[in-house]
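For reference, the structure is listed below as structure tokens.
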Amino acid sequence: MAHSVKVYDTCIGCTQCVRACPCDVLEMVPWDGCKAGQIASAPRTEDCIGCKRCETACPTDFLSVRVYLGAETTRSMGLAY
């Protein structure tokens, strides 16, 4: 499946998304842009199964982590016409 995972700079470095991911797609990397000094990164997007647990776990009002499902998955869900 070709899913993409985007981490936005609204990330607060809480690690909730990393802990929620069952496929170890996300990891934390150093970043000076937040108090925690780290930000989520998605170096293994090819392993993403599109479960969106990382999105659900994100505590920010604007989801800092978003999963964009590939066309094949969207079509099988009946969302694309």
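Heads up, the Cβ atoms here are built off N, Cα and C, so glycines get one too.
Swiss-Prot names CYS48, CYS51, CYS54 for binding [4Fe-4S] cluster 2. Of CYS14, CYS21, the residue it gives for the same site is CYS21. Other C-beta atoms found within 10 angstroms of the C-beta of CYS17 ([4Fe-4S] cluster 1 binding site) number 25, with every protein chain shown included. As a summary of secondary structure, the domain '4Fe-4S ferredoxin-type 1' (2-31) carries 5 helix, 8 strand, 17 coil according to DSSP.
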